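The following features are taken from Swiss-Prot:
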type	residues	note
ACT_SITE	K32	active site, proton acceptor
MOD_RES	K32	N6-(pyridoxal phosphate)lysine
BINDING	R128, M305	substrate binding site
ACT_SITE	Y257	active site, proton acceptor
Amino acid sequence: MNILKISKQTLRNNIKIIREYIGNAKMCFPVKANAYGHGIEDIVENTHDLVDFFAVANSLEAFRVTAVAKNPVLVFGVIYYEYIEKMISENIRVSIQDYEYIEKLEQIAKELDKKVYAHININTGMNRMGVDYNDACRTIQRAYESDWLILEGVYSHLACADNRDHPTNIKQKNRFDSIVKFTKGLSQDIICHLSNSYGFLGQKGICYDMVRPGILSYGFLPEFYVDRVIREIKPIARLLSKVVKIITLQEGEGVGYSLIYRGFEGEQLAVIPIGYGDGFPRELGDRGFVNINDVMYPMAGRMSMDGLTVSLGINEYDVKVGDTVELISAIPRNRNSAFSIAKQINTIEYDIMSTLNDRIIRKII
C-alpha cells in the first residue's frame, strides 16, 4: 500500500505562520488540483477554522469543498453552465472573466431568484485569463451596479512572482493599484487580492485585503526567501511504500523494461509497488533515490506503471520484505524531498505533488 502521510500539526502551523506574516489581510487557501495532491477533503476539514476562503480551479472541486466546510469558495476558472445553478445555490463564488459574462450570470440569477457572489479577474499582464486591463473599470462598475450580482472581490495574478526582481511585477502592481483605487471608490467592502505565495513574500505592499498562499501552505518555500519566521514553514507530507520482493541478480542479468540496468552477480534489488501509474515521476527511473531504514538507495532500471526497483548492492544493511520505503521526504535537504526531485528532473514541487493520484492513500496523522 502506498500512503501519503500528512502532518496535521505541520499543516496548521504553516497556516498560523502565514497568518501572522500577512497581518490583517484575509487568507484564501488554494486547494485546487486535489489540494496540490494532498487531498481536498482532508486538507479542508483540518484547516477550515484557520482560513477565510478556499479557492479551487473548477466547479467539481468547489463541490468537494462545500461538502465538508462552510467557508466561502472561489472558483478561479471558467464556469460551465451545467453546474452554475448548483454553484449559485451553494453560494460558491464565481470568477467573471469578461464583460459579456455579467449578463449571462444575471439571466441565470433571475431565473433562480438568487443573487450571485462574484469576483472579477483582471488581466494585468499574465495574459491568460481575466478581463482586459483597459476594460476593467467598466466591468467592475457594471457588476457593482447589477441587481443580481454581489461584487465581493476583484483580483489579478502575478506572472513572474517567482522572480522577485522581474520588472513585470512592478508593472502589474501599478496596474492593480489603479484598479484598487477605482474599486474602493465604489465600496471599501470589495475584497482586492493579487498575491500568491511568492508574490507577498517577494514584493512589499502587495497583500491588499487578501492573499492566496498555495504552495507555501503545503510547506514549499521559494529559494530566495530567508526570513527567519517563514523559514519555520515545513513540508507537510511524506510518501511511503513497502518493499514487496527482494531479487538477487545472476551474472549478466538486468532489471526492468529493456534491461537498461545491468547489475553485478549477487547484487540485490528491492521491488517497490509504485510507478508512474500512481503519478510518481517516470523520469526518476534509474536516477532517483529512496530511503529505506535511514539509508539512501538508488533506483535501478526503468520505472514501470506499477513498480520500480532499487539497488541494495550486497544488502549489507539487511533490507527485508515489508520494510518501509520513503519515496518523498518532508525534509527539504534530503535527496528524495519534493524539492530535490523537482531539481533533478527539471520541474517544480507543484508538479511532483499534484500529479500523485488516487491510487495513493492519503492519511492525516
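Cβ from N, Cα, C; glycine included.
Features recorded in Swiss-Prot, as mapped to the structure shown.
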| residue | record | Cβ contacts under 8 Å, 6 or more apart |
| --- | --- | --- |
| K32 | active site, proton acceptor | A55, V56, A57, N58, E61, F76, G214 |
| R128 | substrate binding site | H157 |
| Y257 | active site, proton acceptor | G301, R302, S304 |
| M305 | substrate binding site | G275, Y276, G277 |
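According to DSSP, K32 (active site, proton acceptor) is assigned to a helical segment.
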